[in-house]
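**Q** This is the structure I want to talk about, given as structure tokens.
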């Protein structure tokens, strides 16, 4: 039976085995999907051993995405742009192909919620790996402007310069933010620490869409804050998790699974339905 893994540290909390098992059942694919939690300095050895022993593909999560980028034999265009790899496939000719499905998963989830991206003004909070992975897929949807805000302004400026060939990308400090945004995406991990980005509530209005890449069994702090100031549409990253997994499954198996029922099952599993 074809074997797949998710590599991370920590990774015991991962919902990837649950999701991919449902995808396999739905598409009648025979495979098994497990967890691997190597020490940070043992990732390369463990990854190579997995493929040497017949592994077909894997997902890679924190803190290994940048290491995976350096270890694979070839990169998809979107992985090159993201500077990180979250999906690896062993091709028929023995090549380890690195891909990044995070941004595609984000865009698919936004669209499933009816969020219009073309012609919109988007604010992206954070300039780390999650933001980098999201930029090219978001800009491919042709927003009028994408603004990056980050506590360290230089990081936002660097990211904006790197992606300016794909669209109108601006780097601003949190204090400089103004005007009306149609969508705010929080790519920071602030919600995991129970914290908020230093954002003015004046940016929140009834018609704005709010998206937090983090998720939990309750509203994240960022979503709760946005709702408190009048945001009517606020979404967490659970749908992105399922959509990026569907994209990875498609890369591996050549068949695209449906996501709606799997997301429903996952919410039930987490106790959020």
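Backbone N, Cα and C atoms are what each Cβ position is placed from, and that goes for glycine too.
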**Q** Name the residue, out of 2, 41, 102, that Swiss-Prot lists for the same shikimate site as 14, 15, 16, 61, 86, 215, please.
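**A** Shikimate site check in Swiss-Prot: besides 14, 15, 16, 61, 86, 215, the record includes 102 out of 2, 41, 102.
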**Q** Swiss-Prot records 126, 127, 128, 129, 130, 150, 151, 152, 153, 154, 155, 213 as NADP(+)-binding residues. Which of 98, 179, 237, 239 is assigned to the same site?
**A** 237
**Q** Would you mind reading off the Cα separation of residue 130 (NADP(+) binding site) from residue 16 (shikimate binding site), to the nearest angstrom?
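**A** Each residue's Cα considered, residue 130 (NADP(+) binding site) and residue 16 (shikimate binding site) end up 18 Å apart.
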**Q** Which one of the binding-site residues (86, 237) has its C-beta surrounded by the most other C-beta atoms within 10 angstroms?
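**A** Max Cβ neighbours within 10 Å, all protein chains included: 86.
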**Q** Non-local Cβ contacts of residue 102 (shikimate binding site) (under 8 Å, 6 or more apart, same chain)?
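**A** Non-local contacts for residue 102 (shikimate binding site): 82, 86, 130, 133, 134, 240, 244.
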